[in-house]
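In what follows, a structure is listed as structure tokens, so that the remarks can point back to it.
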Ligand SMILES: NC(=O)C1=CN([C@@H]2O[C@H](COP(=O)(O)OP(=O)(O)OC[C@H]3O[C@@H](n4cnc5c(N)ncnc54)[C@H](O)[C@@H]3O)[C@@H](O)[C@H]2O)C=CC1
Ligand SMILES: CC(C)CC(=O)C(=O)O
Ligand SMILES: [Mg+2]
């Protein structure tokens, strides 16, 4: 198989986590005889510095010509005080909108060997396996007007707006996903307060009639935030508004042990997708080889599955990660309270994952050598 993959490292730890992910992709290429043509582009702060805009035309064109996109992260203190159109985040939001990526899948699956890395009890985090489907191109992050008003700019306005058809599209995606999984859909809203949420709920109930095998529940977002840490095993697929999904997924990441563990896929109706970890550019650890690359690497697995239909290859990546974690390797964010595991650097972690693609690999031997 020959495919073109646009690679947009962005800012902060973006490049660091992408380096390892590309090594893993290369290992898949070598092992299975595929050809992935990697074409690099700029987005976010890096694009502002080089092109004067967070989403250059050539980056957008590159993504449109590619079969899939791998993205690191954008943002950082250097651009924090920029005017709104010259902020790195504007580039990412623009990319999602321009490419029509209305559904963002954020799987939250805990690893048995990482139970000690989570601040939650093992009985709570064991066997957690759900997907947050976040609406990605509308809602509070895109509604107009968004502005400062008043003589002294003392009023700030953001708008949470949805068209019915925007909700329908993402809700259908979520129902389809739930149909392929454990057949339970939790729709999260704030229908006791927000008009847009009341319409969201109506649409979910209408669309539900087309998926009679899927059980539907509605939760208010505040209660959902509580249940995510109280009884996370009850969830299968969660569908929700853009900002609610953004916030809940960072919260949910701690079930796995770290924000650095969560991958995501930003999708539309065809097989194209932008694949990126859930985390941001982490300026506090950037440039020090400390970041956890596993969210990014799992995003590669999501790309192989969804955009290229390479299920076995994706499974190999997931298995390799599982083996590496079982063998005790941890980046600093996963080292837990007791610090009993060897802490490895970003590049070492991805090297260990890559090693699992080579025959006769014996992780116990490598672990012994490392210790
Ligand atoms: N998709 C994206 O590109 C996103 C970009 N951002 C941007 O990133 C910048 C920093 O935002 P923050 O609020 O600090 O969020 P963040 O997600 O970058 O970091 C939050 C905390 O998690 C840690 N962390 C994140 N990823 C990690 C990893 N892979 N390994 C180990 N630790 C990790 C960081 O060190 C930090 O303590 C901002 O400019 C923000 O706008 C934030 C979220 C998403
Ligand atoms: C525009 C992004 C910076 C928002 C975000 O935090 C995310 O997509 O996870
Ligand atoms: Mg976020």
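Heads up, the Cβ atoms here are built off N, Cα and C, so glycines get one too.
Site annotation (TrEMBL): substrate is bound by 96, 134, 222, and the candidate from 87, 106 recorded at this site is 106.
The CA atom of residue 141 (site 'Important for catalysis') is located 26 Å away from the CA atom of residue 286 (NAD(+) binding site). The Mg(2+) site, placed at the center of the C-beta atoms of 222, 246, 250, has further neighbours from the same chain whose C-beta lies within 8 angstroms: 221, 225, 243, 244, 245, 247, 248, 249, 251. Checked against residue 282 (NAD(+) binding site) by C-alpha proximity, the binding-site residues 96, 134, 246, 250 yield 250 as the nearest. Filtering 134, 246, 282 by Cβ distance to ligand 3 (under 6 A) retains the following binding-site residues: 246. Checking the recorded positions 88, 134, 141, 246, 282, 290 for a CB within less than 6 Å of any atom of ligand 2 leaves 246, listed in sequence order. Within the model, the domain 'Isopropylmalate dehydrogenase-like' (4-353) carries an average pLDDT of 97. Residue 286 (NAD(+) binding site) sits 19 Å from residue 250 (Mg(2+) binding site), counting Cα to Cα.
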